[in-house]
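K.L.:
My structure is below; once you've seen it, I'll send some questions.
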Amino acid sequence: MASHANKPLMVQLAERSYPIHIGSGLLNQISTLLPQLPPQIFILTNTTVAPLYLAQLQQSLAESATEHQVVVHQLADGEQYKSLESFAEVMNTLIGASFNRDCAVLALGGGVVGDLAGFAAACFQRGVDFYQIPTTLLADVDSSVGGKTAVNHPLGKNLIGAFYQPQAVVIDTDCLNTLTERDFHSGLAEVMKYGIIHDAEFFTWLETNAAKLVARDSAALTEAIARSCAIKAEVVALDEREQGVRALLNLGHTFGHAIEAASHYGEWTHGEAVAAGTVIASNLAMAMQLITASDFRRIVALTKALGLPVKPPQLAWDTWLSYMQRDKKVQAGKLRFVLPTAIGSATVTSQVDPELVKAAIADVS
Ligand SMILES: NC(=O)c1ccc[n+]([C@@H]2O[C@H](COP(=O)([O-])OP(=O)(O)OC[C@H]3O[C@@H](n4cnc5c(N)ncnc54)[C@H](O)[C@@H]3O)[C@@H](O)[C@H]2O)c1
Ligand SMILES: [Zn+2]
């Protein structure tokens, strides 16, 4: 298997291009991997991640040639803290510490910490350097790459945010060892997504290596993360602001967001909801003769093999509709769906008969 530790992947965005370093033990190598870090460093993390990894990061920073003034801000743990209130606290801390435009913001945590840190970095002093050090599988393969940053509003997720790319992403695969089973599997749903929308060979590789991935085999995970990041980097390079192809990354998400919202963002993790949503989207694609029955069966089988749910919760059709209509992907009042057109490719369409959608949900429920 190829080693990804020494050769970073690149997100190609002209003058905003940046490397993604992936490997075991990288948290101990921050000062070598990021020699350009300025003296003033703000670390955003949370109360779960800090006891696990903050000391390691600080030790690594202390080893660099530059003397650093490090300020740490710990959020409480939970999606509800990806809020404007937390954003204001972060601003107060940065301003209180007299940080200037040359400071850097480091995100040490999952997608919640990363999204808030990125938005704070985009806004503080109209934009300061930002580095992602993701610690969940979902953040490794999805939220840390691509520059979408946001906080939630009581009326909806991610309603306030900015496109703001990091200077670099450092993924230490050792951090995955402490994730709960559910958070770990949640990330695998996004990994599978990349195979379905973009890379048939990767999908086949996932089928072959599902057992190793579920067992958190380090080499298999490194490979899966690298290939996922490579696909995300390629898609983001083509369409940074989601005018076109980037929308394919939302496979399973219109249904998934409805499941998450209907379960009040608690019973279902994001990845579980996306997995069940992907099965619905694939069933719909089969009904519309976009994919074969055999492709559909492979998607269901891989979802199960990755320890993810294939059946959505029992929701009334009106409930599905009302939540789907609130999705950000709705355009001019029309529901839009990302549907696979084969294993390895997908399309976005609003030309879908609602009766077929209803039947596709019922069929897998
Ligand atoms: N910006 C984007 O492009 C993008 C893409 C996808 C998702 N997101 C956002 O990401 C968020 C979800 O991210 P997430 O799934 O990482 O959730 P999260 O940040 O809440 O992390 C999940 C849980 O794992 C804990 N945790 C983190 N690292 C750990 C570790 N190494 N060991 C043990 N526990 C650890 C966290 O404290 C939390 O309890 C959502 O807010 C979503 O909107 C953003
Ligand atoms: Zn997602």
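Just so it is clear, glycine is given a Cβ too, placed from its N, Cα and C backbone atoms.
What you are looking at is a predicted structure, and each value in this text was computed from that prediction instead of being measured.
From TrEMBL, here are the annotated features:
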type    : residues                                         : note
DOMAIN  : 74-185                                           : domain '3-dehydroquinate synthase N-terminal'
BINDING : 77-82, 111-115, 135-136, Lys148, Lys157, 175-178 : NAD(+) binding site
DOMAIN  : 187-330                                          : domain '3-dehydroquinate synthase C-terminal'
BINDING : Glu190, His253, His270                           : Zn(2+) binding site
K.L.:
Taking every protein chain in this structure into account, which of the binding-site residues Asp77, Glu190 has the most other Cβ atoms within 10 Å of its Cβ?
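P.N.:
The most densely surrounded of these binding-site residues is Glu190.
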K.L.:
Nearest of the binding-site residues to Asp77 (NAD(+) binding site) by CA-CA distance, picking from Glu190, His253, His270?
P.N.:
His270
K.L.:
Reduce the DSSP letter at Asp77 (NAD(+) binding site) to three states and note it down.
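P.N.:
In three-state terms, Asp77 (NAD(+) binding site) counts as coil.
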K.L.:
If you draw a 10 Å sphere on the Cβ of Gln80 (NAD(+) binding site), how many other Cβ atoms land inside?
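P.N.:
I count 13 other Cβ atoms within 10 Å of it.
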K.L.:
Let me make sure I understand the structure: which of the binding-site residues listed (Gly111, Gly114) has the fewest other Cβ atoms within 10 A of its Cβ?
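P.N.:
Output over binding-site residues Gly111, Gly114: least Cβ neighbours within 10 Å is Gly111.
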K.L.:
Near the Cβ of His270 (Zn(2+) binding site), how many other Cβ atoms are there if near means within 10 Å?
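P.N.:
The Cβ of His270 (Zn(2+) binding site) has 24 Cβ neighbours within 10 Å.
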K.L.:
Provide the three-state DSSP residue tally for the domain '3-dehydroquinate synthase C-terminal' (187-330): helix first, then strand, then coil.
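P.N.:
Split by secondary structure, the domain '3-dehydroquinate synthase C-terminal' (187-330) comes out as 104 helix, 0 strand, 40 coil.
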K.L.:
Counting across all protein chains present, how many other Cβ atoms fall within 10 Å of the Cβ of His253 (Zn(2+) binding site)?
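P.N.:
So the number of other Cβ atoms within 10 Å of His253 (Zn(2+) binding site) is 24.
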K.L.:
Under 6 Å from ligand 1 by C-beta, which of these binding-site residues make it: Asp77, Gln80, Gly111, Cys175? Sequence order, please.
P.N.:
Asp77, Gly111, Cys175
K.L.:
Taking Thr136, Thr178 as the binding-site residues to compare, which has the smallest set of other Cβ atoms within 10 Å?
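P.N.:
Counting other Cβ atoms within 10 Å of each of the binding-site residues Thr136, Thr178 gives the minimum at Thr178.
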